[in-house]
Amino acid sequence: MNYYRESCPRAEEIIRQQVETLYYKHGNTAVSWLRNLFHDCVVKSCDASLLLETARGVESEQKSTRSFGMRNFKYVKTIKDALEKECPGTVSCADIVALSARDGIVMLKGPKIDMIKTGRRDSRGSYLRDVEALVPNHNDSLSSVLSNFNSIGIDVEATVALLGAHSVGRVHCVNLVHRLYPTIDPTLDPNYALYLKKRCPTPNPNPKEVLYSRNDPETPMVVDNMYYKNIIAHKGLLVIDDELATDPRTAPFVAKMAADNGYFHEQFSRAIRLLSETNPLTGDQGEIRKDCRYVN
């Protein structure tokens, strides 16, 4: 805790200020910070490998199909530049990923998570070849997802809470149409399926076009328990959303989170802390990148 207390006392304050400023200019950045944490930490380590661009012998993880729809990476540089001006070569990009997610969750009216540790260092390479195996796909089974999370120390209750991140953001029609065409997935609420067909009117959407549906039409930019209420009503966008609400391993947690937003926020906070502590590089491991897009 408070790793930068002496080396850069205002580090966390600067990150928070930048996240707030960016949110008021570009609201969807807050969702991006949350997604960045997930995509970075489930692939080997919370080490900012996700942020590396293809250059100097590095192949970017952003090239993976699992990174489809991710954006706002350019604004990470805005945060990093502000930190470099204050404390050159001190704050890691990996800590920016973790702390911007924490502060982004607050902007999305989610819980304020106080116990986020700092002191991570940045990787000197990427893990593009591992991304497909480690980042869950839109149509992966619940068993597969539970196993993946368990392997990095996230229990079933925390996994259910972490999937509550689907309360914000959107799903591109490319990842939805298999539930709508040629026939509607019988697990979907029929009226909701008709709404989704209006959002995704063709079985072959163009990936380059912005065709999508909000994860949560009621409160699309709020981290709250509406996600659980929706999936209990068979209004989840992804197959795993429906499985989460019906599988006996997870359904009791879903029901409890749907009934109690405070309990959801408590477990979501715990899950984010667990996720953010996945195999960090510390001490003399890795490096502190000058520019989050490139190794030094």
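Counting starts with 1 at the first residue shown.
Using N, Cα and C of the backbone, Cβ positions are placed for all residues, glycine too.
Look at TrEMBL and you will find 1-296 tagged as domain 'Plant heme peroxidase family profile'. The disulfide bond feature in TrEMBL is assigned to Cys8-Cys87, Cys41-Cys46, Cys93-Cys292, Cys173-Cys200. Feature annotation from TrEMBL assigns site 'Transition state stabilizer' to Arg35. Under the heading active site, proton acceptor, TrEMBL lists His39. Annotation source TrEMBL lists Ca(2+) 1 binding site at Asp40, Val43, Asp47, Ser49, Glu61. Per TrEMBL, substrate binding site is recorded for Pro136. Per TrEMBL, the feature heme b binding site maps to His166. Summarising the annotation, TrEMBL assigns Ca(2+) 2 binding site to Asp216, Thr219, Asp224.
In the structure shown, the C-beta of Cys46 has more C-beta neighbours within 10 angstroms than that of any other entry among the disulfide-bonded residues Cys8, Cys46, Cys173. The two recorded residues, Cys8 (disulfide bond) and the residue listed as 'substrate binding site', have Cα atoms 36 Å apart. Ranking the recorded positions His39, Cys173, Cys200, Asp224 by Cα distance from Glu61 (Ca(2+) 1 binding site) puts His39 first. Listed in chain order, the residues near the Ca(2+) 1 site other than Asp40, Val43, Asp47, Ser49, Glu61 are His39, Cys41, Lys44, Ser45, Cys46, Ala48, Leu50, Leu51, Leu52, Ser123, Ser126, Tyr127, each with its Cβ within 8 Å of the site Cβ centroid.
Each residue contributes its Cα atom, and for His166 (heme b binding site) and Cys41 (disulfide bond) those atoms are 17 Å apart. Spatially close to Asp47 (Ca(2+) 1 binding site) yet at least six residues away along the chain are Asp40, Ala94, Arg120, Arg121, Asp122, Ser123, Asn279, Pro280, Leu281, Gly286, judged by Cβ distances under 8 angstroms. Among the recorded positions Pro136, Cys173, Cys200, Asp216, Asp224, none has a Cα sitting within 10 Å of the Cα of Cys41 (disulfide bond).
When the C-alpha distances from Cys93 (disulfide bond) to the recorded positions His39, Ser49, Pro136, Thr219, Asp224 are tabulated, the minimum falls on Ser49. Over the domain 'Plant heme peroxidase family profile' (1-296), the average per-residue pLDDT in this prediction is 95.
Considering only the recorded positions Cys41, Val43, Cys87, Cys93, Cys200, the Cβ with the fewest other Cβ atoms within 10 Å is that of Cys87. For Pro136 (substrate binding site), the nearest neighbour among the disulfide-bonded residues Cys46, Cys87, Cys292, judged by Cα separation, is Cys46. Thr219 (Ca(2+) 2 binding site) and Cys292 (disulfide bond) have their C-alpha atoms 32 Å apart, to the nearest angstrom.
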